[in-house]
Amino acid sequence: MDTLLLLKAAIMGVVEGLTEFLPISSTGHLILAGSLLGFDDAKAKVFDIAIQTGAIFAVILVYWQRIRATLVALPTERQARRFALNVLIGFLPAVLLGLLLGKAIKAHLFTPVVVASTFILGGFVILWAERRQQAAVRIHAVDDMTPLDALKVGLVQCLAMVPGTSRSGATIIGGMLLGLSRKAATDYSFFLAIPTLIGAGVYSLYKERALLSAADIPLFAVGLVFSFISAWLCVRWLLRYISLHSFVPFAWYRIAFGLVVLATAWSGLVTWAE
């Protein structure tokens, strides 16, 4: 396989790994990177599933101790069952809304103006959330969440169906606005990412199954590995970062990137369509 193509796959994997779990929208960055690299044909949809799988493996590895402990304790411990139930409750709204409105959203909302607007608006929402964070915290750990808290965050996660919103951004900032601490909101966002991304990946793989080819396995493998490594490093870094810092820098980054979306679309440099 062409070495240049494998290099592009590695770059796309790194972009996915670095942006999937930060509140900055991986989709917007993948479209921009794919367009600039010429890595945006029909098979790119299947490739996106591969690199997203690498990111999922990374967050599972980071939280493996907690995941394993929960699975082992499910038959005997009420807290483990409550935690698993909260993840399930948070996951379901996105499933239902995705099945009902997914096609319509992709058909009508994937435009430069929408993507840029959600990037910029999301930046200002982060700034607002951080301003009220200290006074609003009532939940300091994921284990303190109620099923109603989980449902509310799950409903907020549905906003991520709008291009440019960011799934992690919606759940983390939404959680903070609902009273979760920065750490609790981030942890729950990552736990919620596991079933959400797996479900989305399986559904997308089924839809795009006609594009699968054994010849593309090396390409997908490179993307998956680089996505896994970069996502693992990114998640571990973010968990350390939020113990000392706020999400304000990500807010300004989103606002700037939204302007980049508009500039690249108006110049014709990037085609902002899925």
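Placed from the backbone N, Cα and C atoms, the Cβ positions cover glycine too.
Per Swiss-Prot, the feature transmembrane segment maps to 44-64 (among others); the stated evidence is sequence analysis. For the transmembrane segment (44-64), the residues of the chain that approach it from at least six positions outside its boundaries are 9, 12-13, 16-17, 20-21, 30, 34, 190-191, 193-194, 197-198, 200-201, 204-205, 208, 211-212, 216, 219-221, 223-229, 231-232, 234-236, 239, judged by C-beta separation under 8 angstroms.
As annotated by Swiss-Prot, transmembrane segment applies to 85-105 (among others). Sequence-distant contacts of the transmembrane segment (85-105), counting only residues of its own chain at least 6 positions beyond either end whose CB sits under 8 Å from a CB of the stretch, comprise 142, 145-147, 149-151, 153-155, 157-158, 160-163, 171, 188, 191-192, 194-196, 199-200, 203.
Positions annotated as transmembrane segment by Swiss-Prot, on the basis of sequence analysis: 109-129 (among others).
Look at Swiss-Prot and you will find 185-205 (among others) tagged as transmembrane segment.
According to Swiss-Prot, the transmembrane segment annotation covers 215-235 (among others), on the basis of sequence analysis.
Per Swiss-Prot, transmembrane segment is recorded for 250-270 (among others).
Counting residues 6+ beyond its ends, the transmembrane segment (250-270) has Cβ neighbours under 8 Å at 22-25, 28-29, 31-32, 35-36, 112-113, 115-120, 122-124, 126-127, 130, 164, 169 in the same chain. Listed as Cβ neighbours of the transmembrane segment (185-205) (distance under 8 Å, sequence separation of 6 or more from its ends, same chain) are residues 20-21, 45-46, 48-49, 52-53, 55-56, 59-60, 62-63, 67, 86-88, 90-91, 94-95, 98, 141-142, 145, 150, 153-154, 157, 167-168, 171-176, 212, 235, 238-239, 242.
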